[in-house]
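Accompanying notes for the structure given below.
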Amino acid sequence: SLYAPSAVVISKTQGASADAPAQRAVTLRCLPVGGDHPAPEKACAALREAGGDPAALPRYVEDTGRVCTREYRPVTVSVQGVWDGRRIDHAQTFSNSCELEKQTASVYAF
């Protein structure tokens, strides 16, 4: 292939620790698009737009005007694998699942 591989495992955990057992995890492959992520095309496009940096996703997500409550029910997500030939090991905690979806769009929507 002419392109460097991009394949990651994305997981979601209730709570503020990435060390807790994942409640759900999916695989995502880009070029060719696949894995068991429910919307791989959208997730690959979002990561591509963010330069493969999951921490940068909020800067690229379209503001839908969605309003979230201030409820604190932390959700921690992680992305591990290879993006465009570079190793990724990212974890981030959001104050609740609404904030997670609002700030990251389709990548963690599973």
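Just so you know, the numbers here start at 1 and follow the chain as drawn.
Yeah, the Cβs are placed from backbone N, Cα and C, and that goes for glycine too.
According to Swiss-Prot:
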| type | residues | note |
| --- | --- | --- |
| DISULFID | CYS30-CYS44 | disulfide bond |
| DISULFID | CYS68-CYS98 | disulfide bond |
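A map of Swiss-Prot features onto the structure.
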residue: CYS30; record: disulfide bond; DSSP (3 states): strand
residue: CYS44; record: disulfide bond; DSSP (3 states): helix
residue: CYS68; record: disulfide bond; DSSP (3 states): coil
residue: CYS98; record: disulfide bond; DSSP (3 states): helix
Densest Cβ neighbourhood among CYS30, CYS68 (disulfide-bonded residues), 10 Å radius: CYS30
Candidate with the highest Cβ count within 10 Å, taken from the disulfide-bonded residues CYS44, CYS98: CYS44
Inter-residue Cα distance where the pair is CYS68 (disulfide bond) and CYS44 (disulfide bond), in Å: 25
Between CYS68 (disulfide bond) and CYS30 (disulfide bond), the C-alpha gap once rounded to whole angstrom: 31
Rounded Cα separation (Å) that holds between CYS98 (disulfide bond) and CYS30 (disulfide bond): 26
